[in-house]
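Feature annotation from TrEMBL assigns domain 'tRNA(Ile)-lysidine/2-thiocytidine synthase N-terminal' to 32-208. Residues or ranges marked as ATP binding site in TrEMBL: SER37, GLY38, GLY39, PRO40, ASP41, SER42. The feature domain 'tRNA(Ile)-lysidine synthase substrate-binding' is assigned by TrEMBL to 261-325.
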Amino acid sequence: MTDRPRLTPPVADIRRAVRNSLRGVAVEGDLVLVALSGGPDSLSLAAGLAFEAPRAGLRAGAIIVDHQLQPGSAEQADRAAEQARELGLDPVLVERIDVVDDGAGPEASARAARYGAIDRVREEVGASWVVLGHTLDDQAETVLLGLARGSGGKSLHGMAVVNGPLVRPLLGIHREATQQACADQGLEPWHDPMNDDESYRRVRIRKNVMPVLESELGPGIAEALARTATTLREDSETLDSLALEWAREIVDTDEDGRVTLDVGGLVTQPAALRQRICRAVAEQGFGVSLTRAHTMAVAALATEWRGQGPIDLPGIRVERNAGRLLFGYAGHPDDER
Ligand SMILES: Nc1ncnc2c1ncn2[C@@H]1O[C@H](COP(=O)(O)OP(=O)(O)OP(=O)(O)O)[C@@H](O)[C@H]1O
């Protein structure tokens, strides 16, 4: 653990972070749930929320998801629930779920099931917001993971403080500060054995890569990575809204319900906008998220077309017809002709 200079104690920093992140989004009377794993990040967040919520006229509860994947998970979830009650949170909800591997691997399937359960419970109890305990170090690790994947775009943006009903107040707080805050308040966090399992890339980044980067490049590397994520996200949001404006100019719908794009209008755009326009049409018109490779393939139909036929992508078919790109559902009745 690096010794970082601190102006204020971690408990105060966490309370301030909770206050600032909810200010301007939550209104008086709103119910805010903390997603509590029992680890130091979410436990210190739960304590911060329990302190701040009544001062801001908010109600505060907790949701604990028991993935039922490891022996003892039920006891661990009950212990976290007990800690939440001791902090004065109400309601405290324990959701036991069955994780089915959806093909994305055990970790990703558990995560998807967890977010699904959290959202379901949030709606059931009428909560407006869910606060999550992701820290600045999680953010830095997310950026490095994105870089390593080489997928560019959104994977480098890290996480936003507010994303729909999900709020991440601790993105400016180091993990070690959450550990210290727990100790300072006499809270005993749970240690997730998965955090030591080096078969996970994220764990190897945390345990092996970040310490080297810190010692070679300086202790501010996590902040620098997190700042980069914020800048990239802000730039990208600007490009997204420009792309939407342009899309309105060059998009039309034909009599078969297919979305058509004027190629002439598309190719005059810089590559970043061109790709975003194609992605936006697929997403907003058909509910399909194009991967980077698929986006490039679709954009190439506009810029490098040599008479090739339609591209079939999961859920969507895109083809070039004279001066237009045609986007239709895969399995469109016209495909049979
Ligand atoms: N079992 C759980 N029940 C409720 N909330 C949880 C649970 N596990 C994690 N969380 C919430 O998610 C936050 C991040 O946890 P963690 O870093 O373990 O997630 P992850 O598996 O890396 O996935 P992701 O970062 O995509 O959420 C925690 O601080 C907590 O708020």
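Just so you know, glycine gets a Cβ as well, placed from its N, Cα and C.
Where TrEMBL records a feature, it is marked here on the structure.
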{"residue": "SER37", "record": "ATP binding site", "Cβ neighbours (10 Å)": "20"}
{"residue": "GLY38", "record": "ATP binding site", "Cβ neighbours (10 Å)": "22"}
{"residue": "GLY39", "record": "ATP binding site", "Cβ neighbours (10 Å)": "20"}
{"residue": "PRO40", "record": "ATP binding site", "Cβ neighbours (10 Å)": "25"}
{"residue": "ASP41", "record": "ATP binding site", "Cβ neighbours (10 Å)": "25"}
{"residue": "SER42", "record": "ATP binding site", "Cβ neighbours (10 Å)": "26"}
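Summarising model confidence by region, the domain 'tRNA(Ile)-lysidine/2-thiocytidine synthase N-terminal' (32-208) averages a pLDDT of 94.
Sequence-ordered, the extra residues of this chain that approach the ATP site, with Cβ no more than 8 Å from the Cβ center of SER37, GLY38, GLY39, PRO40, ASP41, SER42, are LEU36, LEU43, SER44, LEU45, GLY133, THR178, PRO189, TRP190, ASP192. Annotation note: GLY39 (ATP binding site) sits in a coil segment as assigned by DSSP.
Residues of the domain 'tRNA(Ile)-lysidine synthase substrate-binding' (261-325) grouped by DSSP class, helix first, strand second and coil last, total 33 helix, 13 strand, 19 coil.
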